[in-house]
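Annotated features, as they stand in TrEMBL:
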type: BINDING; residues: 28, 76, 161, 165; note: Mn(2+) binding site
type: DOMAIN; residues: 3-84; note: domain 'Manganese/iron superoxide dismutase N-terminal'
type: DOMAIN; residues: 91-193; note: domain 'Manganese/iron superoxide dismutase C-terminal'
């Protein structure tokens with residue numbers, strides 16, 4: 001199959017001690033994330049032109065179901081790397097400096113990002129992105145499968161999946177509790193690498 005998801009960067013139970021269970025990760029990764037690759041490969045069989053494109057090319061040039069599947073593969077591949085069992089706490093190094101420069105403080109950034117994640121209506125994503133024109137970081141929301149790659153001058157740095165499938169097993173309809181847990185696993189090293 002031409003399109004596949006990246007392997008998880010850690011075991012299914014790696015985040016359990018921080019509040020994201022093995023069952024949650026298993027359903028999210030095996031059923032939802034991998035399901036987007038199945039759908040995109042089916043679309044590529046029906047339209048061979050898709051098979052010659054990369055995920056990013058599809059995201060930037062195609063609309064409809066193929067876009068949705070490609071963007072969700074990208075979004076999830078990125079999302080898993082934004083978390084780590086050794087994550088959480090306050091950022092350090094380059095990412096800490098960039099956050100302070102762009103938001104004034106980590107506390108202000110965390111407040112703005114949390115508000116975006118908790119306040120997003122329906123399914124979508126909360127992102128920390130870099131505006132490559134200004135060099136500044138900003139909080140960005142995308143609805144459904146959309147992602148920063150569809151916008152000029154936006155580079156993804158960090159994301160939190162706020163689709164219900166990301167948290168419903170562990171937190172039912174309490175998105176705020178899930179977002180609070182997400183902060184405990186944020187992979188600041190990965191975020192720094194994206195700068």
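Note that the numbers count up from 1, one per residue, in the order the chain is shown.
A Cβ is built for glycine as well, from the same backbone N, Cα and C atoms used for every other residue.
Recorded features from TrEMBL, shown on the structure.
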residue	record	Cβ within 10 Å
28	Mn(2+) binding site	23
76	Mn(2+) binding site	24
161	Mn(2+) binding site	26
165	Mn(2+) binding site	14
DSSP says what for the domain 'Manganese/iron superoxide dismutase C-terminal' (91-193): how many helix, strand, coil residues? 49 helix, 24 strand, 30 coil
Taking the recorded Mn(2+) site as 28, 76, 161, 165, identify the other residues of that chain whose CB atom sits within 8 Å of the mean position of the site's CB atoms, giving them in sequence order. 29, 32, 33, 79, 163, 166
Tell me the residue counts in helix, strand and coil for the domain 'Manganese/iron superoxide dismutase N-terminal' (3-84), as DSSP assigns them. 56 helix, 1 strand, 25 coil
